[in-house]
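Novice: For reference, the structure I am asking about is given below.
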Amino acid sequence: MAPTIDRQGYWGRPTSTLEWCEENYVVSFYIAEFSVGVGSWCFHMTLLYEMQLLDELPMIYSTCVFVYCLYECFKQENSISLFPIVLLLIFSVSVTLVYLQWKEPVFHQVMYGVLVACLVMRSIFIVTWVYPWLRALCYTSLGVFLLGFLLWNIDNIFCDSLRASRQMMPPGVGVVTQFHAWWHIFTGLGSYLHILLSLQIRSTYLKYRPKVKVCIVTFIGYPFSKIITRL
């Protein structure tokens, strides 16, 4: 984690239980750290505990939605299974209540890791035994996400060394070593690819003909799923 000695800014002393390796209030008096996403932006900008919850708890809720979609992908149309919905709701509420009382970030990280592990195991099962032609998309999603996780750990473990090295680098080069930012980029991309995978699985089961295409926008290619017709 980041050293505790940092310049003060508009939002005062950080009250969050986590603080990252990016130097605080370097660019702006009003922004401690930069990030993407509404909750994540509020957390990194203020480093306040309340904003930390706005960032971390939605990670649990949104991943529960991913888990439900992937584990229910072989259901008939217009059918709803109440048991997994109730189970995931209980899990989300329990994690929320415990985390509000026990301000231990490792607890949140473990609970989030459990949900991600459920997604990984289900995805590997499907591309191994049901739709093997989707392995490339599955393993690309997993690899990109794991790369982000690796950089997140490097940023946490070697923060002091990274900060010292940035002092000797040109500003444009030092920005590239903000590995927590890369964590957001790669995990976001990995999650997006996993959503494509879920769409491919569900659409194939419903006998559509989905196809992953790449759209080129401003010289940056991003994949998307196009459902052509029903078989």
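From the backbone N, Cα and C atoms, a Cβ is placed for every residue, glycine too.
The Ca(2+) binding site feature in TrEMBL is assigned to Trp20, Glu22, Asn24. According to TrEMBL, the Zn(2+) binding site annotation covers His44, His180, His184. Per TrEMBL, transmembrane segment is recorded for 57-74, 81-100, 106-129, 136-154, 181-201.
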Novice: Give me the sequence-ordered set of same-chain residues, not including His44, His180, His184, with a C-beta within 8 angstroms of the centroid of the Zn(2+) site's C-beta atoms.
Specialist: Trp20, Glu22, Glu33, Phe34, Ser35, Val36, Ser40, Gln178, Ala181, Trp183
Novice: Looking at the stretches 57-74, 81-100, 181-201, which one shares the most CB pairs under 8 Å with the transmembrane segment (106-129)?
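Specialist: Maximum Cβ contact count belongs to 57-74.
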Novice: Can you tell me which recorded stretch out of 81-100, 136-154, 181-201 has the most Cβ pairs within less than 8 Å of the transmembrane segment (57-74)?
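Specialist: By Cβ pairs under 8 Å, 81-100 leads among 81-100, 136-154, 181-201.
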Novice: Given the binding-site residues His44, His180, His184, which lie within 10 A of Asn24 (Ca(2+) binding site) by CA-CA distance?
Specialist: His44
Novice: Here the binding-site residues are His44, His180, His184; which one has the lowest number of other Cβ atoms no more than 10 Å from its Cβ?
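Specialist: Fewest other Cβ atoms within 10 Å, among the binding-site residues His44, His180, His184, is found for His184.
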Novice: How big is the Cα-to-Cα gap, in Å, between His180 (Zn(2+) binding site) and Glu22 (Ca(2+) binding site)?
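Specialist: About 8 Å separate the Cα atoms of these two residues.
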Novice: Can you give me the Cα-Cα distance between His44 (Zn(2+) binding site) and Trp20 (Ca(2+) binding site) in Å, rounded to a whole number?
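Specialist: Answer for this pair: 9 Å between alpha carbons.
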